[in-house]
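Accompanying notes for the structure given below.
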Amino acid sequence: MEHWCRRPDSFANLSVADWKQLAIPLDERGRFSRCTMRDPPDASYAPKVVPCTSWEFDMDKYGNNIVSQWNLVCDRRWLIDVARLVYSATCIISLPVSGVFADRVGRKTVIFITVPVVLIAGVGSSVPNDFQFFVAVRAIVSAATSALVPPTYAVLIEVTPATKIAAYITVGALLSFVMVPPTLLAAQIFKAGWAALQLLLMVPTCLLVFLYYGIEESPAWLLATGKAKEAERVSLRAARLNRVSPQLCRELLAQYQLEVGFNNHNAAEQSGLCGSHLRTRTALLSFMWTALSFAYDTFVSNDGVLVSDGVTAVGYTLSAVACLLGVPYVERFGFKNIVVVSGVTFSATSAVLAITYSQDETWLRDCLVVLMRTAGNVCISFFICQTVGAYPEVTHCRALALCFAFSRLGATLGQTSTALLGDLHTDLRLAGAAALMSLFAVAAQVLPYEHDWVPQGRPKCGGRSNVASGDDMKRAMRDTLMPLPKEPIKRRSSRSSGRISVGPEQYSTHSVQRSRSISLG
């Protein structure tokens, strides 16, 4: 934000341009200093250069914000870094806690606890009258929003059928492309200040209230943790909403139990994310999220390479189109391939930008920036699903929490490098991003995963199909079904044994997809 030493009352009648010519010295780059002035300003011979004690700000572009509100410039600029570090630290600390809690007690419980905290703290962040209170409230916002993200993504992915998961993830990405730019543009046009901007951002956030009316616990998690009766209740409710017969719902769950069982649950619970089975993918994903977020935060979400507003708008538009075009690609080849391709594209465009970089804006630079941002948006949108696919259901929230924590670490490192290097070494930062994204693409290619949600041929639920009939399934359940974990071991009738369901379309269990994709017609 442009700023300069404040005019004394005796010079208040001078224009800003005249004041700068009279009292503001030039720095080593030949620009007016932002932190010093001549004393006295109108001395005719050898005036002293002294630090500013107060400042004026250019409000034309951003309006009043926290920088101008509390004079966070020059020798007070370090307070911005403190606020950023506090925000990042609370995010990184709260994520593992919420991930473990969501995997232990349920995704729905964590969501219901954190939504009111997000709403109250978000509104409260628009009314602080001192910097310390602002930092404290923002820390609460950071912790609450961070805790909300892993269970929300886990539920979305776990209840979505494989044939539609790419489309649903794309819708989520498109919402950010559609909602964020108009919000920021409105704030820039009206220049209402940071307090009004916070309240404006809370308008779409209030939609979280509808989660109380529309969200249910993930049946996949309920089944994996032995809560079969609750999984049946949730699945049958979804079956009624989707006009699916309860009998078919129960048959699908019986098939799920026969094919998968609960062996993976016990192994995952004993080993955790760093056990022998999962430690390799955990290490790879930790690096991948750090590298991707470093490059993304520096050159995609922020103007690491300055371009015009028109070029930025083109980048958002092409990102939305690319995500839409990526849906059929994912349905055919899986998430891994699209993540690798977009990561390689990000790396290649960053490398070319580093080689050809100049301060002047050219058509080549604009095209490369648009392509780089498009690749980054596609990559980060679909990489979330590849992350979830690398872990069993009982560890989804812990895995997402760990990866998002490293994502915040990467973003903080990117912001720190920008603050330290500024615009002097943009080519070096581009080269670093290119190297990191090339390693990211290699890691994405070799990353082990439980499933990649590539839909296979789906049998129809009519006539002769691969789904057993109700009588056959009940007979199979009587002969082969073992007692569920965490349940009293007792003899059950064939009628009760067959009444456990896998969710219908809105509540599918992805473990079924590993062996055979099942359609509800």
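A Cβ is built for glycine as well, from the same backbone N, Cα and C atoms used for every other residue.
Taken from TrEMBL, the feature compositional bias 'Polar residues' applies to 506-521.
Residues or ranges marked as domain 'Major facilitator superfamily (MFS) profile' in TrEMBL: 1-450.
Per TrEMBL, the feature region 'Disordered' maps to 478-521.
The transmembrane segment annotation in TrEMBL covers 109-127 (among others).
Counting only same-chain residues 6+ beyond the ends of the transmembrane segment (133-153), those with a CB under 8 A from a CB of the stretch are 66, 82-83, 86-88, 90-91, 93-95, 97-99, 102, 107-108, 110-111, 114-115, 117-118, 121-122, 124-125, 208, 384, 388, 396-398, 400-401, 404, 408. The transmembrane segment annotation in TrEMBL covers 133-153 (among others).
Taken from TrEMBL, the feature transmembrane segment applies to 165-190 (among others).
As annotated by TrEMBL, transmembrane segment applies to 196-215 (among others).
Residues annotated as transmembrane segment in TrEMBL: 282-299 (among others).
Taken from TrEMBL, the feature transmembrane segment covers 311-330 (among others). Listed by sequence, the residues of this chain that lie at least six past the ends of the transmembrane segment (311-330) yet keep a Cβ under 8 A from its Cβ atoms are 166-167, 170, 173-174, 177-178, 181, 337-338, 366, 369-370, 373-375, 377-378, 381-382, 453.
Listed as Cβ neighbours of the transmembrane segment (337-357) (distance under 8 Å, sequence separation of 6 or more from its ends, same chain) are residues 292, 295, 299, 305, 326, 329-330, 364-365, 368-369, 371-372, 375-376, 378-379, 382-383, 386, 426-428, 430-431, 433-435, 437-438, 440-441, 444-445. The feature transmembrane segment is assigned by TrEMBL to 337-357 (among others).
According to TrEMBL, the transmembrane segment annotation covers 363-385 (among others).
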Folded-back contacts onto the transmembrane segment (109-127), same chain, C-beta under 8 angstroms, at least six residues removed:
98, 101-102, 134, 137-138, 140-141, 144-145, 147-148, 151-152, 155, 194-196, 198-199, 201-202, 205-206, 208-209, 211-212, 215, 397
To what whole number does the mean pLDDT across the domain 'Major facilitator superfamily (MFS) profile' (1-450) round?
86
